[in-house]
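Enquirer: The structure under discussion is supplied below as structure tokens; questions concerning it will follow.
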Amino acid sequence: MQIITDPAEMQKIAEKLRLQHQYIGVVMTMGALHEGHLSLVKLAKEKAGTVIMSIFVNPTQFGPDEDFHRYPRPFEKDVALARSAGIDYLFAPTTEAMYPEGYSTSIDPGPVATRFEGASRPGHFGGMATVVVKLLGITRPHLAVFGEKDAQQLAIIRRVVTDLNIGTTILGAPIARESDGLATSSRNIYLSSDERQQATALYRAILYAGEQIEQGRADLEAIAAEAEELVLSEKDTQPDYLCFVDDATFERATKAVPGKAYRLIMAVRIGSTRLIDNWRFDYQ
């Protein structure tokens with residue numbers, strides 16, 4: 001595995017790989033690697049001959065009250081995990097390399113970026129979309145793999161790549177979960193033992209909603225309210241949002257229509273830690 005920190009060098013390597021007709025896959029991360037990231041790598045390796053991983057804690061997608069400086073950065077451990085996972089190139093630029101003096105360009109992903117995560121974290125998706133486009137330009141991949149856990153992010157990336165004719169295939173990978181259903185996340189390490197137990201309420205809410213849909217209920221607004229009550233039954237839980245959305249547009253959905261895809265999305269604060277989760281389904 002080769003470690004590269006210079007964007008120009010990474011771009012030069014990627015261009016050479018393309019000339020050699022290598023099919024390139026990329027997995028973009030902010031480090032603090034866990035099983036969720038490794039599942040993305042596994043999928044990328046199944047699809048691509050050469051896999052690049054980026055590790056970059058992007059400051060432009062953190063709000064003023066968020067955990068940029070607190071965000072874990074166990075770089076040596078990440079390098080070991082990336083190497084053992086079979087990564088070919090690890091791209092780990094500095095902030096100064098990605099945003100040099102005079103940098104002024106940013107991407108506005110449109111209305112979908114102002115809902116839910118976008119409403120709770122103003123500016124987050126603009127910063128995310130900008131760095132994703134930069135990383136696509138630097139690594140020149142044919143395929144990029146992103147996790148379904150960040151479902152709104154995935155929808156925005158697909159929109160941006162389509163709108164800007166970037167030509168990279170965007171592949172969503174299933175959510176990796178712990179044995180009790182909690183979605184794997186770099187932020188899980190912030191949870192105390194009590195909070196870790198309380199966090200299982202998110203997955204229990206998903207299971208409850210799934211049971212209701214299986215029974216044929218279409219009243220999504222009522223199901224979401226019941227699922228939220230289940231989350232609130234745990235102490236110190238504060239949902240930012242918990243609702244169903246149209247899976248394509250991320251507009252709030254109140255009643256299911258046969259033949260359409262929907263997603264239950266949620267963001268819940270447990271103590272000082274904010275967790276997200278979701279579940280997608282096709283309504284029959």
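Including glycine, each Cβ sits where the backbone N, Cα and C put it.
Feature list, courtesy of Swiss-Prot:
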| type | residues | note |
| --- | --- | --- |
| ACT_SITE | HIS37 | active site, proton donor |
| BINDING | 30-37, 147-150, ALA176, 184-187 | ATP binding site |
| BINDING | GLN61, GLN153 | (R)-pantoate binding site |
| BINDING | GLN61 | beta-alanine binding site |
Enquirer: Determine, from DSSP, whether LEU33 (ATP binding site) sits in helix, strand or coil.
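Expert: It is coil.
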Enquirer: Around GLN61 ((R)-pantoate binding site), how many other C-beta atoms are within 10 angstroms of its C-beta?
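Expert: For GLN61 ((R)-pantoate binding site), the 10 Å Cβ neighbour count is 21.
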Enquirer: For each of the binding-site residues (GLN153, SER186), count the other CB atoms lying within 10 A of its CB, then report the residue with the highest count.
Expert: GLN153
Enquirer: Tally every other Cβ atom lying within 10 Å of the Cβ atom of the residue listed as 'active site, proton donor'.
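Expert: That number is 27.
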Enquirer: Spatially, which candidate from the recorded positions HIS37, GLN61, GLN153 is nearest to ALA176 (ATP binding site), comparing Cα atoms?
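Expert: Nearest listed residue in space: HIS37.
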Enquirer: Among all protein chains shown, how many Cβ atoms are found within 10 Å of the Cβ of MET30 (ATP binding site), not counting that one?
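Expert: Its Cβ has 20 other Cβ atoms within 10 Å.
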